[in-house]
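Here the structure is laid out as structure tokens; the discussion comes afterwards.
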Amino acid sequence: MDYKQLKQEFNTPFYIYNFDFIKERFLNLKEAFKARKSQIFYAVKANSNLSLLQMLANLDSGFDCVSIGEVKRALKAGAKAYKIIFSGVGKTKEELRQALEYDILYINLESEAEMMLLESVAKELNLKARISIRVNPNVDAKTHPYISTGLNENKFGVEIDIARKMYLYAKNSSFLEPVGVHFHIGSQLLDISPIHEAAAIVAKLVRELKALQIDLKFFDIGGGLGVAYEKNECEPDLYDYAQGILAQLHGLDLTIGMEPGRYLVAKSGEFVCSVLYEKQNKTKRFVVVDGAMNDLIRPSLYEAYHEIILPYNQGEESLCDVVGGICESGDFFAKARSLPSTQSDDIMVIKNTGAYGFSMSSNYNTRNKVCELALEEGQVRLIRQRENFEDQIALEEKFLKA
């Protein structure tokens, strides 16, 4: 990658995503489940750039959306409505109404209250809402507590007993059609045994429902496949992942749904920034760059590790903190990281930032959001232009008092 040329053409900081890498990951995951009917629903929240969504739609991907805005993004990018599912804990009445009007595949319900709200909306529209229920199997995903979602103490899904009652209610409703079951126990899982454990619990529920003449069509295993951010980490084997799921579904005629996000896009992305200067005090060396936590918040929010390289710098290394210009002590990309000495304008590359990078960015400190680039078949193109100050104030300026 010619970072100097990219910096000259687009300036820094910027994100760049390798679309060919994403395609390869997508096809490998699809291949792992070829023994059974399956559908990938890409988790839009991981990276919602329209060009990236369009590329996946062209591969016949489905999309897992957690807001009506994400549903609209997927449709705008060319997704088929019947390959979109709508998940998330806090769906509003208006979001549910629009989802039904778009005639998406199904809505993942997270509570009894949400089911009753959806039923009332469907009744108003004189439609039958296709539903799946997110079951919380109370399985420990053994991941960061902020991204663990499968325990009773987490806000997601409903317990097995409540789910059973919800399915029975939906079966007898004139405006609800139960078509699937869903679970997602957490994100960034390098040990996939908890997913297999959860699949066994939920498959048992499906068999119980079948005995009650509730025949579901979709068995949605969520996402959660982890990626190797650090060199000592190993990614899950896709064959083992798939076989562990398939083993739980013997005798059940179900389409497997899966919701990869991070797994598809994280390692495709790099956040490229420039060194502004170094700062040294009695105890610590700081490398100050033109990117900041508003661009990439994962290190600040989760203490997440990202490999950092200086592609054109060599020489003796020493420990340093890599920090941005935000007025927060939590504004850092790395702490106590061993890097060579730097000078103003040196290029720094922060690796594995294709997921939850730009999609979690903000305008904190009135900083402009960065541009995004795609690398595809050896060619680099702009897929989101850099924001400017006028973009930031466009929705406020007209309200200034004369």
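Just so you know, the numbers here start at 1 and follow the chain as drawn.
Cβ coordinates come from backbone N, Cα and C, glycine included.
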Per Swiss-Prot, Gly224, Glu259, Pro260, Gly261, Arg262 bind pyridoxal 5'-phosphate; matching candidate in Tyr106, Tyr167, Tyr356, Tyr364:
Tyr356
Considering only the recorded positions Lys45, Gly224, Glu259, Gly261, Arg262, Tyr356, which fall within 10 Å of Arg298 (substrate binding site) when distances are taken between Cα atoms?
Tyr356
Reduced DSSP assignment, Lys45 (N6-(pyridoxal phosphate)lysine):
helix
With an 8 Å cut-off on Cβ distance to the Gly224, Glu259, Pro260, Gly261, Arg262, Tyr356 Cβ center, who else from the chain surrounds the pyridoxal 5'-phosphate site?
Ala43, Ala46, Ser187, Gly223, Leu225, Tyr263, Leu264, Ala355
Counting Cβ neighbours within 10 Å across all chains shown, tell me which of the recorded positions Lys45, Arg262, Arg298 comes out on top.
Arg262
Cα within 10 Å of Lys45 (N6-(pyridoxal phosphate)lysine) - qualifying binding-site residues among Gly224, Gly261, Arg262, Tyr356:
Gly261, Arg262, Tyr356
Determine the C-alpha span of the substrate site listed in the record, that is the greatest distance between any two of Arg262, Arg298, Tyr302, Glu328, Tyr356, in Å to the nearest whole number.
27
